[in-house]
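Below: one structure, written as structure tokens.
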Amino acid sequence: MSELRFPEGFRWGAATAAYQIEGAARDDGRGPSIWDTFSRTPGRVFQGHTGDVACDHYHRYADDVALMAELGLHTYRFSVAWPRIQPDGTGPVNPRGLDFYDRLTDALLARGIDPIVTLYHWDLPQTLQDRGGWTARETAEHFATYATAVHARLGDRVGTWTTLNEPWCSAYLGYGNGVHAPGERDAGSAFTAVHHLLLGHGLAARALRAAGAETVGITLNPADVCPADPDSAADAAAARLVDGLQNRIFLDPLLRAAYPDDVLEHVGRMVDPATFVRDGDEKLIAAPIDLLGINFYQPTYVAGRPGGAGSDAYPGTDGAVEFLPATGPLTDMGWMIEPAGLTRLLERIATDYPGVPLLVTENGAAFPDKAGSDPVGEVQDTDRVAYLDGHLRAAHQAIARGVDLRGYLVWSLLDNFEWAEGYRKRFGIVHVDYLTQRRTLKSSARWYQEVISRNGL
Ligand code: PNW
């Protein structure tokens, strides 16, 4: 296959999230988060798995940073656990919680790895949930206070800050269909949460900027929404609706300072937006950003059908939309493998929302360990190599077509706690044996190391 080079300065890295890898759920004054509560509630997570121990990264971070250095990562995206910093979500900071991220940051910098901090990857302090969580407006304000506290400690060494990871998941899976913490099921709550998450982002982004943060952004999981039949007007309308619910409801207020009218109208069938959107909010949400993080896993195909089943992850789509089942080769999540979706998505965002540099903050795949592969030697994950190779070619194609894509972060560095799926889904390029906490590079890690060193494929 022909050689493919990425632009000079392209940033190669990997991503993780606090609750998925840290463990140490009760160490050093950490308070409980909604994911502790959720995972300890029977029936919520596969086989009752929790993040209590996870990859024990809290105690093994130095070894994990050494692994990153071995792979040649330029950058590492990790999240800060809010309940380590403010155990109750408000009030005085817990210095021992900040100490951990201080040590981690220093370890990364000592190896020449540039940290990217995500301030919120879903682990809301339980105390704030008890006061309404993201359905309560005050949570947005508390989030900005927390962001300021983390920046005060790490801002002299961390240049790149993202506020939220995938607010779509927090709102729709957390408050809409209950698949994620806090497990609520109410369309009105989901839309209220969308707004307060965005408001929290805007307030935090502005506070970070005022404190001198170099690069401020947010990470979304926008969908590449495709009509089942490109010639069908009904399918196009369905695609437009889903695009509104997953993409424009976030991108428009963030980058155009206004919710789209068609989205407000759809939301209004379930809850009156005037009950949570106040004058001036959209302007606050549109605080300037320097970077937009894109997480991409698979495309979404929809058809417009009266009586269609819809999806409980997209409130109000029942009776109107049919989500097509994934086809072709699937990952262990049952997700489709269609790299062209990444090219389409990046081009679409660059076209419709020009002027913001993009970063792929997550892309990767879960595959089971193969029978016959030898975790003590190396896990032969050729399926993951093929997935990553295809998506890097797709990213390269977007760059060739003019998209300002600054880098690519693989999800994930380590096998980890895959939310409602527990530990049974493995996304890592590094294998984790949860009995011994032994890390073993998979062949995808060796392959990625080579990609980074050549800056291409
Ligand atoms: C993202 N969906 O989650 C998260 O940012 C990661 O923490 C997670 O491990 C990774 O992707 C893999 O799942 C998602 O239902 C969870 O569409 C669910 C969905 C999308 C992303």
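Quick reminder: no glycine exception, Cβ is built from N, Cα and C everywhere.
Not measured: the values here are computed from a predicted model.
Look at TrEMBL and you will find Glu166 tagged as active site, proton donor. Glu166 (active site, proton donor) falls within neither a helix nor a strand when secondary structure is assigned with DSSP, and so counts as coil. Note: Glu166 (active site, proton donor) has non-local neighbours Thr219, Leu220, Asn221, Asn295, i.e. same-chain residues 6+ apart with C-beta under 8 A of its own C-beta.
Annotated active site, nucleophile per TrEMBL: Glu362, in sequence order. Remark: Glu362 (active site, nucleophile) has Ala15, Thr219, Asn221, Gly293, Asn295, Phe296, Tyr297, Leu409, Val410, Trp411, Ser412 as non-local neighbours, by Cβ distance under 8 Å and separation of at least 6 in sequence.
The DSSP secondary structure for Tyr297 (substrate binding site) is coil. Annotation comment: TrEMBL describes Gln20, His121, Asn165, Tyr297, Trp411, Glu418, Trp419 as substrate binding site.
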Per DSSP, to which secondary structure element type does Gln20 (substrate binding site) belong, with helix, strand and coil as the options?
helix
If I restrict to non-local contacts, at least six residues apart, and a C-beta distance under 8 angstroms, what lies near Glu418 (substrate binding site) in its own chain?
Gln20, Ala366, Arg424, Lys425, Arg426, Phe427
Only counting partners 6 or more residues apart, tell me which same-chain residues put their Cβ under 8 Å from the Cβ of Trp419 (substrate binding site).
Gln20, Val45, His180
DSSP three-state assignment for Trp419 (substrate binding site):
helix
